[in-house]
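This report refers to the structure that appears directly beneath it.
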Amino acid sequence: MTEKRVHIIVSGLVQGVGFRMFVLREASARSLSGWTRNLPDGTVEVEAQGDSGRVDELIRQIRIGPSRSSVTSIKVKEIEVDTSCREFRILT
């Protein structure tokens, strides 16, 4: 299993529509670790880590988003794996 960690910024109608909970469910279903949070500029930030294929699946789901959202852009950058990260959570 090849692990990777990505940093993601999601733009569009992504706050106030259940986006962070959607990311939490999708990441947890794939046994990924990391976190998600709203940013003051209206975007959502995500860091996700785990099996490379499962991280890619999460990225595909984030591009779609929950039904009430409208994703206009997504920026993905691969970053260094954090071996201390064991769960996925929503940051406030």
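Just so you know, glycine gets a Cβ as well, placed from its N, Cα and C.
For reference, Swiss-Prot has these:
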type     : residues : note
ACT_SITE : ARG20    : active site
ACT_SITE : ASN38    : active site
DOMAIN   : 5-92     : domain 'Acylphosphatase-like'
Candidates ARG20, ASN38: member of the active-site residues with the richest Cβ shell (10 Å): ARG20
Specify the secondary structure state of ARG20 (active site) as given by DSSP, simplified to three classes. helix
Whole-number mean pLDDT, the domain 'Acylphosphatase-like' (5-92), equals 97
Mind tallying the domain 'Acylphosphatase-like' (5-92) by DSSP state, helix then strand then coil? 24 helix, 36 strand, 28 coil
Give me the Cα-Cα distance between ARG20 (active site) and ASN38 (active site), rounded to a whole Å. 8
